[in-house]
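Record features (TrEMBL):
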type     : residues  : note
TRANSMEM : A:9-27    : transmembrane segment
TRANSMEM : A:47-65   : transmembrane segment
TRANSMEM : A:102-124 : transmembrane segment
TRANSMEM : A:131-148 : transmembrane segment
TRANSMEM : A:168-189 : transmembrane segment
TRANSMEM : A:219-238 : transmembrane segment
TRANSMEM : A:250-269 : transmembrane segment
TRANSMEM : A:276-298 : transmembrane segment
TRANSMEM : A:304-322 : transmembrane segment
Amino acid sequence: MSRILKHRLFWPLVILVALLALNLFFTDNFFKIEMKEGHLYGSVIDIVRFGAPLILVSLGMTLVIATSGIDLSVGSVVAIAGALACLRISDLSDQNSVGGVLGAVGLALVLSVVLGAWNGFLVAGIGIQPIIATLILMVAGRGLAQLITDGQITTVNSSPYKLIGGGYWLTLPFGIIVVAVVLALTAFLTRRLALGLLIESVGGNAEASRLAGISARGVLMTVYAFCGLCAGIAGLMISSNVSSADGNNAGLWIELDAILAVVIGGTPLSGGRFSLSGTVLGALIIQTLTTTIYSIGVPPETTLLFKALVVTIVCLIQSPAFRTKVFHRRRRPVTASPAPEEKVRVTA
Amino acid sequence: MLKRISALILAGATALTMAGCSSSDGGGDSSVGGGADDGKLVMGFAQVGAESGWRTANTKDIQESAKAAGVELKFSDAQQKQENQIKAIRSYIQQKVDVIAFSPVVESGWDTVLKEAQNAKIPVILTDRAVDSKDTSLYKTFLGSDFVEEGKKAGQWLVDQYKDSKDDVNIVQLEGTTGSAPANDRKSGFQEVISADPKFKVIASQSGDFTRAKGKEVMEAFLKSNPDIDVLYAHNDDMGLGAIEAIEGAGKVPGKDIKIITVDAVHDGMQALADGKINFIVECSPLLGTQLMDLAKKVVAGEQVPQRVVTEETTFTQEQAAEALPNRKY
């Protein structure tokens with residue numbers, strides 16, 4: 001029992017279940033999943049479907065945060081990737097040609113990796129603090145996205161492109177499949193190969209890892225480029241879901257949600273150890289919260305307050321220091337890894 | 001070596017500042033003379049953002065009208081954030097423009113910065129959205145649509161459509177950005193008209209932030225928690241367009257199973273209306289540039305202008321949309 005209690009995914013899981021349970025009481029048919037138009041249909045499917053971009057962005061963010069960095073530019077990369085893909089597709093003579101769409105998607109993803117690598121270069125090559133280095137692209141990137149779309153909302157009418165974020169494959173939303181593949185790949189690279197260890201070691205102490213013979217620079221570049229790629233895929237999903245690119249709004253504030261997801265998932269902002277499954281849980285918690293607000297009908301005026309309250313509670317419960325104080329007053333505190341950052345994060 | 005580099009940088013910086021000074025001096029002079037000495041009026045315009053097709057059409061029209069009217073336009077995009085807009089207005093005050101025009105992101109919280117403009121003797125024109133300030137002397141005039149009227153038109157169409165029916169009409173509403181004037185007014189105008197008959201029930205209402213992505217996400221949730229939706233009222237076309245995708249994904253036919261009313265009449269919305277996916281659109285014209293430039297010239301020249309100028313607007317049914325579509329400018 002105590003082993004389960006101490007598992008670092010225990011509390012995030014409890015929170016997710018509690019949020020879902022809330023819906024059980026307040027919303028009829030919340031857990032009903034049916035087949036409609038040849039695909040699965042239901043609120044729970046929606047949560048995973050709309051949560052997919054956030055999960056992707058958060059995955060990239062997890063690795064960046066594990067190196068004790070941060071990437072604020074993911075929201076802008078989301079906007080740029082969607083904008084570029086939609087622009088290329090709208091220029092195609094036949095918007096439904098699979099080759100043309102693949103070309104556009106490929107180009108957008110290459111650009112995302114380049115943008116991520118640019119962040120990595122600023123951080124690892126020049127030594128600018130991550131928060132500043134990525135802030136540059138966060139601000140400039142949205143301008144770039146608007147430049148690409150000419151400040152307009154670019155609408156496309158392409159069924160292959162639609163598949164990425166709004167389509168279904170084998171009755172499952174295609175976005176979920178993409179997420180599963182990326183997650184599996186990331187888990188393989190970081191947990192089965194040495195990359196994860198290298199990342200944790202760079203995050204723990206970059207200088208010591210360099211002296212131990214790890215190319216900290218290479219690791220950082222890889223991680224930021226990967227984060228850019230994840231944001232790029234998320235951008236394609238978001239724009240494909242509504243078949244249009246909105247340079248101004250796509251992925252707006254997603255970086256904050258992603259950071260929150262990572263922290264809820266138990267990866268400390270100070271770097272070092274990270275948890276991919278925790279991050280996925282964190283992202284799902286955030287999306288469940290959003291969907292819950294819509295389904296139980298929290299008035300729009302109080303939505304932000306409601307979110308802030310839930311997130312505060314989540315962060316408090318997640319903090320081992322807080323838990324020891326409140327729940328185990330009589331027992332001797334046995335906190336091995338206090339995560340003080342978690343207590344102060346209340347952004348919704 | 002280091003010294004030489006810093007000297008170089010210093011020299012460069014000084015040159016830049018001086019260049020900056022001279023140009024702003026030029027602007028300052030013209031504003032002292034009421035913008036009349038070189039005939040070129042300088043207008044600072046703080047736009048909300050580019051959150052919708054409507055807004056970009058609005059931006060384009062203002063930029064084109066400024067060029068046509070010989071007005072020098074300083075343009076800024078606030079990305080839907082009030083603090084950005086306040087910053088932009090402050091910078092216009094510092095640059096001593098002749099007139100400031102802006103579409104407030106939200107209704108409240110403008111008194112301080114508008115007072116600063118007043119103290120600097122720069123007239124302010126509100127476009128498209130109002131502020132809730134009690135002190136109406138803070139701005140010269142408000143040019144824009146009457147959002148309450150738009151909400152009423154939407155409600156009126158609904159009442160006419162269902163006048164012979166006795167059954168309850170379940171309505172879901174996609175609101176605009178919480179706290180914004182169009183969201184508040186389109187909601188209250190609509191409510192005012194439909195509340196006359198108790199059979200009209202708004203069963204769910206959430207903010208979709210005027211964007212397609214949010215419109216779709218919120219509509220998905222509505223469809224699941226409310227199995228029986230008759231009518232969707234969206235505060236702009238884009239949210240309606242997002243919702244259409246959600247409705248189609250749920251295996252229902254937009255425009256038939258669920259009737260859709262939206263506001264704005266941007267190109268994509270009109271297309272959907274002509275295609276029968278939307279049933280009724282209340283126009284909210286973004287083409288107010290020419291009127292804005294006229295007002296600006298009058299205000300700077302010290303002429304009296306009315307406190308409220310309403311842009312001319314109409315409504316579209318599906319047939320009217322098909323007719324009007326080829327000639328639409330946006």
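Cβ from N, Cα, C; glycine included.
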Between A:47-65, A:168-189, A:219-238, who has the most Cβ pairs under 8 Å to the transmembrane segment (A:250-269)?
A:47-65
Mind checking which residues reach the transmembrane segment (A:131-148)? Cβ under 8 Å, same chain, six or more beyond either end.
70-73, 75-77, 79-80, 82-84, 87, 115, 118-119, 122-123, 245, 247-248, 250, 255
Which bits of the chain, at least 6 residues beyond where the transmembrane segment (A:102-124) starts or stops, bring a Cβ under 8 A of a Cβ in it?
60, 69, 71, 73, 77, 80-82, 84-86, 88-89, 92, 130, 133-134, 136-137, 141, 160-161, 164, 216-217, 220-229, 231-233, 235-236
Which range out of A:9-27, A:47-65, A:168-189, A:276-298 gives the transmembrane segment (A:219-238) the most CB pairs under 8 Å?
A:47-65
Can you tell me which parts of the same chain pack against the transmembrane segment (A:47-65), counting only residues 6+ beyond its ends and a CB-CB cutoff under 8 A?
71, 74, 78, 116, 130, 165, 173, 175-176, 178-179, 182-183, 186, 190, 199, 203, 223-224, 226-231, 233-235, 237-238, 251, 254-255, 257-259, 261-262, 265, 267, 269, 271, 274-276, 279-280, 282-284, 286-288, 290-291
For the transmembrane segment (A:168-189), give me same-chain residues lying six or more residues beyond its boundaries with a C-beta closer than 8 angstroms to one of its C-beta atoms, as numbers and ranges.
35, 38-40, 45, 48-49, 52-53, 55-56, 59, 63, 195-196, 226, 230, 233, 237, 241, 276, 280
